[in-house]
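Here the structure comes first, spelled out in structure tokens, and everything after it is commentary.
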Amino acid sequence: MPSRPKSFSRRWRLAPILRFAYLAFFLLFVLVPIYWMFNTSIKPSDDYLAIPPVWFPDAPTLVHYEAALFAYRGLEGLINSLIISLSATVLSALLGTLMAYSLARYNTGGQHLSFWVLSQRFLPPVGIVLPLFLIYRNLGIHDTRFGLILAYTMFTLPVSVWMMFAYFRQMPKSMEEAALVDGWTRWQAFWRVAVPLAAPGIVAAAVFAFIACWTEFFFALVLTSRNAFTLPTVFRAFIGFQGAQYGEAAALAIVSLGPSIVLGVLAQKHLVRGLTLGAVRG
Amino acid sequence: MADVATIIPMQTAGAPPKLSRLGAWTERHFKWVLVAPAVGLILGLSIYPLLFSLVVSFINYDFQVPGHAFVGLRNFKLVVFDPVARWSLVLTAFLSGTSVIIEFVLGLLAALAMVKSFRGRSIVMSILIVPLFISPVIVGQAWTLLLQRPFGPTNYVLSQLLGHEVTISWLTQAPWLYISLIAADVWQWTPFMFVILLAGLTSIPQNLYEAAELDGVSAWLAFRAITLPYLMPMILLALTFRLLDAIRMFDTIFIMTGGGPGTQSYTASYYLYTVGFTQFHLSQATAGSWLFLIFTAIVVTLLVRRLLKPEAV
Amino acid sequence: MAEVKITGLHKRYGAFHAVKGIDLHIPDGEFTVLVGPSGCGKSTLLRTIAGLEEASGGTIEIGGQVVNDHRPRDRDVAMVFQDYALYPHMTVANNIGFGLKARKMPRAEVEKRVTEAARMLGITQLLDRLPRQLSGGQRQRVAIGRAIVRNPRVFLFDEPLSNLDAQLRDEMRGEIKRLHQEIATTIIYVTHDQIEAMTLADRIVLMRDGVIEQQGAPLDLFERPATTFVAGFLGSPKMSFLPGKFLRDGSAAAISLGDVLMPLPPARASIAAADGQLILLGLRPEHLSRAEGPAPVPGHIRQEAVVDLIQPTGSRSYATLRLAGAPAMAELQAHDVSRPGERLAIDINMNRASIFDAQTQRAL
């Protein structure tokens, strides 16, 4: 995220106190739910109903983590999530890069093809998931990792394509042309010149694909049940609970926050491009 | 060292070796070879299911009823005349509209507050964007933990602040449950608005403000005459993207209210999900999702196509 | 090394017609410069020869072989790009040797050639660096090295000097010319800079709006421009054009500019113009000089003019004169002219003047 040079005009900045008060409020708003979740995850069950609420438990405990990971099969979900998200990420980044390069350099299919891909991003998932459920059952890939990997590759593909499309567009093409004149084939110019140069963009696209897969719920809910379930779907077990499982739910949430937040914050620089499908450079 | 003037021309390296037949074929159809895997995947996992669901929506595909009889428009009629379906559409519009407006206002204020650099800005930045990387399921879970009686601390904190006992059932009682759902959505997606609008603000040429300052223009006028027009494309883009995602709202409802009480918190996606997967009226659900799809498609064609031109930005 | 022959070449981008039927024969070993204003199609023509653009019509032959259907890799040409197009992720040595690796050349041979090319260009000490660690001039040399290491049939240069500062540009221009003298490979060189074109070319091909306006040796084009466009494009400051009328009386001929009658020397009187035809008289600044002696030398005309504007450059000054009512620029000795408004007697060299048809803008 580029920051303004120091001397940004005084004109319309909020008065400093107002600005910082607002930012403080905003920070609190963001942090309190996360902190309360963390707090709940390490709080002994006896503290749940205490009045006033316990903000800093005296005797932190990890029992909820143990229960969440084993009794509620959180660990299995975690492993499934990792395998499925990573595989789908690699596939999505690979297929996305291939297609984006073709669109950016050869204008393949004109505007129609690129907008067709884009339109996939805005389809309501419920429209795809219902028939996909039936198809998966017929093919026998319902509740398999393979099935969900395919679905996730498909569902992250539009963003990967468009992010890479924008990336290749702003990359000068003369290096690839030099490779062509130097005696390489189009594939080699792509693979040996364009891909290494686009590596930062590919990594960024992959990070956003990973986050999208890691946090996805709806597809996983419908397309998996007892075997290939992912981490977010484990939370089904905590719905409608009456007190006893707060800590487990919180512990599982804290476990699954880690990877996507770390990756997201690291890839901050590319965030705007990721959120706007490359339309805004940020 | 050889004298530069006595250069002997090198032997020519000639043309590179001929390509194999496969290599030559790939080279000739290169641009289609590159798009083929992605297009194949989209055809197989999106277009084919969509067409399949179109078929399903005209037949009877209920698990309870054997056979797949053609029923014409019956499934569509069932959805259109279902009061729950209509309510879910209204609620979808209301929840998404309200959330997006609140997110926009809060996000714009945050962007304005962050545009000037200050010490610790990058840390604040990193914290503010965290909700974007959290699964909506977990967001729903986090807000459930905060709000649910009697466990959540919200009522206690409000009681302390207001000086009298507050006993609100945030997740099971209208209108509070709508407020809860909006709060969760706002928490997760205000950073989206903030990040895009901040990018827009930082790209406004600073000399415009300097010129305005020299001309003695008031701060409010500068905001209206410079900031808003420059920011407008970003605002439209952010609103459109957010709105198109907001109308799918499902995960937080699934976790926080389960659609309840009764059907009071059914959104369109939630309605279609329950019709299909709790009642197993799959045909009715696919018919409904086609209607929802057409509805979305209209919005997409109207808004997105004119907004997204990567080479223009 | 090879000749290049282009016949009836067209290039269209949708509705835009970039190259409109070019015929061009470039003999083996010649240094040809394609020059013209931006958008004239010169770069498109070059890229079509390289195979980076597909011809919409016509043929391209390299070394007697039609190469329209050949990929760039099979044409055995080398190209130096405007932005150098060095591979940023490879060292200088790998940049230069990259094309040889495409030919599956043994490693030792690649190394030998790369060393040799680096020595020729004086960049031996840079071989292990990455492009981003190089200055503009060094990058330029690496780009050239990448081309000469293969000793291709044809060298293509696409505005290679336009990203360099003025001083470096002069230096590199000299080096490219010397390089051609040494390796004697066919070179096709695109530029929009008329000085580069004049200094480098064996032959200039001047393009405009997708067609060849005129081609020939630099001095031919300079001294005998076929059109006002060519005349105005080559030479700096530009040629001045004065509207007038051609008059013929038997074997004698003259040009009238308003009230002023300017007789043409006998050598120029035979041009194909009719009595009363409207013409443009083209005068280069160096064809106007301050009058000396009691009468002008033969072929010159003495005329009074008013100084409008003076631009000193040191030893010479460019003076914009009002000559028979029209502006004309003269290149004078610095001290021949002192202030605007001054009246000067000017000798005009009619032997060198160009005469164009006012309507067709073509030379008569």
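From the backbone N, Cα and C atoms, a Cβ is placed for every residue, glycine too.
Quick caveat, the model's predicted, so the values are computed rather than measured.
The domain 'ABC transmembrane type-1' annotation in TrEMBL covers B:89-304. The transmembrane segment feature in TrEMBL is assigned to B:32-59, B:87-111, B:123-146, B:166-184, B:191-209, B:221-241, B:253-273, B:285-304.
Here the transmembrane segment (B:253-273) does not touch the transmembrane segment (B:32-59). Their Cβ atoms form fewer than 3 pairs under 8 Å, with each pair 6 or more residues apart. The highest tally of CB pairs under 8 A with the transmembrane segment (B:32-59), across B:87-111, B:166-184, B:191-209, B:221-241, B:285-304, is held by B:285-304. In this chain, the transmembrane segment (B:221-241) lies in contact with the transmembrane segment (B:191-209); the count of Cβ pairs under 8 Å, excluding pairs fewer than 6 apart in sequence, is at least 3. Nonlocal intrachain contacts for the transmembrane segment (B:123-146), taken as residues 6+ away from its ends with a CB within less than 8 angstroms of a stretch CB, comprise 110, 114, 152-154, 171, 180, 183-184, 187-192, 194-195, 251-256. Sequence-remote contacts of a segment are chain residues at least 6 beyond its ends whose Cβ falls under 8 Å from one of its Cβ atoms, and for the transmembrane segment (B:166-184) they are 94-95, 98-99, 102, 139-140, 142-144, 147-149, 152, 154-155, 158-159, 249, 252-253, 256-257, 260-261, 264-265. Through the fold, the transmembrane segment (B:87-111) approaches residues 128, 178, 181-182, 185-186, 189-194, 196-198, 200-201, 235, 238-239, 242-243, 246-247, 249, 263, 265-271 of its own chain, all at least 6 residues removed from its boundaries and within a Cβ separation under 8 Å.
Counting same-chain residues at least six beyond the ends of the transmembrane segment (B:285-304), those with a Cβ under 8 angstroms from any Cβ of the stretch are 50, 53-54, 56-58, 61, 75-76, 78-80, 85, 236, 240, 243-244, 247, 268-269, 271-273, 275-277.
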